[in-house]
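Peer 1: Look at TrEMBL and you will find 1-24 tagged as region 'Disordered'. According to TrEMBL, the feature domain 'Amino acid permease/ SLC12A' maps to 89-557. TrEMBL lists 93-114, 120-153, 174-194, 200-219, 231-252, 272-293, 314-335, 361-381, 416-436, 442-468, 489-509, 529-549 with the feature transmembrane segment.
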Amino acid sequence: MAEKSAVPDLERNRGSSSDSVYRDRFASKDGTGFVELPVADTRFGRFKDSFKRNPNARVTTEAVDAEGRPVDDGSAFQPALAMKLKGRHLQMIAIGGSIGTGLFIGSGSALAQGGPASLIIAYGLIGIMLYCTVHALGELACLYPIAGAFSVYSSRFIDPAWGFAMGWNYAMQWLVVLPLEIVAASITLTYWPGARDVNGAAWVTIFLVVIIAINFFGVKGYGEAEFVFSIIKVIAVIGFILLGIIIDTGGVPGQPYLGGRYWHDPGPFNNGFKGLCSIFVTAAFSFAGTELVGLAAAETENPRLTLPSAVKQVFWRITLFYMISLSIVGLLVPYTDGQLLSGTSSVDVKASPFVIAVNRAQINVVPSIMNVVILIAVLSVGNSSIYGSSRTLAALADRGQAPKILGYVDRSGRPLVSIIFASAIGFLCYIVAAGADARNEAFAWLLALSGLSSIFTWGSICACHIRFRRAWKLAGKTLDDLPFKSQPGIIGSWLGLIMNILVLIAQFWTGFAPIDYGDDTTSYRIKNFFEGYLAFPIVVVTFVGYKIIYRTKFKRTSQIDLTSGRRELDLTEILAEERALKAQWPWWKKAYKYVC
């Protein structure tokens, strides 16, 4: 059996080690090991060959010690995906990757249900929870930049059955988001009179083709698209904040000074404590996708150097793009405004509080600009949906937890069949042609599949980090051996886990007994509950079913594999060199690198 480095960039990443080495076993048809792939003479030939299966791509990375003996449980699988993402891609994915309809449109529903104070409190609490979660993920992903990070971590640190449940939970979340976002894009266009007479099916066809095409360019196409989309979204949010301050202080000619008027009349809260609890899931949906930065680590040239900076910048994104912008929204739009969402639709762009705020100031051009930004944000999330679902499905297939064909990785490093499968689910977007009633009904149940998915994913990440830290300590290792340490640490992971559980409890309460539920029929309340809590029974069924069939066991701390999936096994030497260099930095650079 031939031997080859575990990662193509291993030499560049200084991955040799005196303590342990990686031995990769390549499954080829003839059983001889590594297969040399012929290179076509023409450009078209190379393009055609790029879609063929790479027989060397499905790798079982086996961790062995210096004597060549397998390390216990060293059985992490990872597709040989192309590592073409650069630092700038990760930075923008972290900063603006998840800014979409949840912030621009969904916040309108949150404002209507809870009022401006509840809006800020709920988004702030979810932001704190996510800050802890992303740092925990960053610590794991820097050390183990493996494909399908969330499901693999759950299988390795908790239980293979839980990894199966979390993998399919996350894949399903992104699979249903794609048609939702494409239809949202088509509805966004109806803001302009000239587009209203065009059949919605025509618009969704254009958007679907564009998103699929971007993902067929591979991870580089996804990274470049997100880089551009995120820059536009970031500029737009900063511009809105500045404009909002001008509007609130009476800087627009003919408009009065507002200040905190709407915090007094109609008031800071609506529907009391239940109003606050009812918007937690909306807030979570707005932050969904932040964890993609950990998934993208597997396709990054050197995540050990670029991922920490991206993770740290999540704090600034939460503060600037969510907390400050929504504070401005709460000052400019009263929760009694008739245009705000009241749970009837999730994609009506006219109900965006960002658009309403500018319209109320009677500024003519800016609403159209904001709608262009919303359209770009919708396409960005749709782009991320194919990326997130296809990588997760490919990783599940590599672990034998999904149909084997989904693990097909071509010679360009694309999980081709998973991309095609995720793209095919996007054709559900043609429900737009079925009429508004059928569309809204389908939307409600598609959203039900993904509503709580992020909460489960984030809670699982925190639990994995807690288990990892326990195993790391038991193995006699210190935190100085880690390439990146979570700033909130193990306490942050416990806080994140507890907060995720509390959000699940709050959603159960508001789903079972929603606001003004006394006027609702029993059948309506049951339907409303499952529309908000459908993800929970799905997770339970997949976990219990897998556990019963395969009789998996909860991982003991001493059984946890701490070696497989690492790109650099001589981290102690590498980190010692880097820390000696950082010790010579001036104080201002040390302070900057700590927060950014």
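Glycine is treated like the rest: Cβ placed from N, Cα and C.
Keep in mind that TrEMBL annotations are predicted by a computer and have not been checked by a curator.
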Peer 1: State the residues, same chain only, that lie 6 or more residues beyond the ends of the transmembrane segment (314-335) and have a CB under 8 A from a CB inside it; answer 'none' if no residue qualifies.
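Peer 2: Those are 94-96, 99, 103, 107, 111-112, 114-117, 119-120, 123-124, 127, 130-131, 134, 234, 237-238, 240-241, 244-245, 247-248, 258-260, 262-263, 265-266, 270, 286-287, 290, 293, 353-354, 356-357, 360-361, 595-596, in sequence order.
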Peer 1: With a cut-off of 8 Å between Cβ atoms, can you find at least three pairs linking the transmembrane segment (231-252) to the transmembrane segment (174-194)? Only pairs 6 or more residues apart in sequence count.
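Peer 2: Between the transmembrane segment (174-194) and the transmembrane segment (231-252), which are separate recorded stretches, there is no contact, as judged by 3 or more close Cβ pairs.
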Peer 1: Who are the chain neighbours of the transmembrane segment (200-219) in space, where the CB to CB distance is under 8 Å and they lie at least 6 residues beyond its ends?
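Peer 2: For the transmembrane segment (200-219), the list is 81-82, 84-85, 178, 182-183, 185-187, 189, 225, 296, 299, 379, 382-383, 386-387, 390, 412-414, 419, 422-423, 426-427, 429-430, 432-433.
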Peer 1: How about the transmembrane segment (174-194) and the transmembrane segment (442-468): at least 3 CB pairs under 8 Å, pairs 6 or more apart in sequence, or not?
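Peer 2: Result for the transmembrane segment (174-194) with the transmembrane segment (442-468) is yes.
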Peer 1: Other than its close neighbours in sequence, what residues sit by the transmembrane segment (93-114), given a CB gap under 8 Å and a spacing of at least six beyond its ends?
Peer 2: 122-123, 181, 184, 223, 226, 229-231, 233-234, 237, 269-271, 275-276, 278-279, 282-283, 285-290, 292-293, 296, 310-311, 313-314, 316-317, 321-322, 325-326, 329-330, 333, 335, 337, 339-343, 346-349, 351-354, 356, 370, 373-374, 377-378, 380-381, 384, 515
Peer 1: Return yes if the transmembrane segment (272-293) and the transmembrane segment (442-468) have at least 3 CB pairs under 8 Å (sequence gap of 6 or more), otherwise no.
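Peer 2: With 3 or more qualifying Cβ pairs, these stretches touch.
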Peer 1: Check the transmembrane segment (489-509) against the transmembrane segment (361-381) for contact, please; criterion is three or more CB pairs under 8 Å, pairs 6 or more apart in sequence.
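Peer 2: Contact between the transmembrane segment (489-509) and the transmembrane segment (361-381): absent.
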Peer 1: Could you tell me what the rest of the chain brings near the transmembrane segment (416-436), counting residues at least six beyond its ends with Cβ under 8 Å?
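Peer 2: Counting only partners 6 or more residues beyond its ends, the transmembrane segment (416-436) has Cβ contacts under 8 Å with 51, 174-176, 178-179, 182-183, 186-187, 199-201, 203-204, 207-208, 211-212, 215-216, 382, 385-386, 389-391, 393-394, 397, 405-410, 442-443, 446.
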Peer 1: Same chain only, please: residues at least 6 beyond the ends of the transmembrane segment (120-153) with a C-beta under 8 Å from a C-beta of the stretch. Say none if there are none.
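Peer 2: For the transmembrane segment (120-153), the nonlocal Cβ contacts are 76-79, 81, 107, 110, 114, 163-164, 166-167, 170, 276, 279-280, 282-284, 286-287, 290-291, 293-295, 297-300, 303-304, 307-308, 310-311, 314-315, 318-319, 322-323, 326-327, 330, 391-392, 394-396, 398-399, 401, 457-458, 460-462, 464-465, 468, 482-488, 492-493, 495-496, 499-500, 503, 564-567.
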Peer 1: Pop the mean pLDDT for the domain 'Amino acid permease/ SLC12A' (89-557) in here, whole number is fine.
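Peer 2: Reported value for the domain 'Amino acid permease/ SLC12A' (89-557) is a mean pLDDT of 87.
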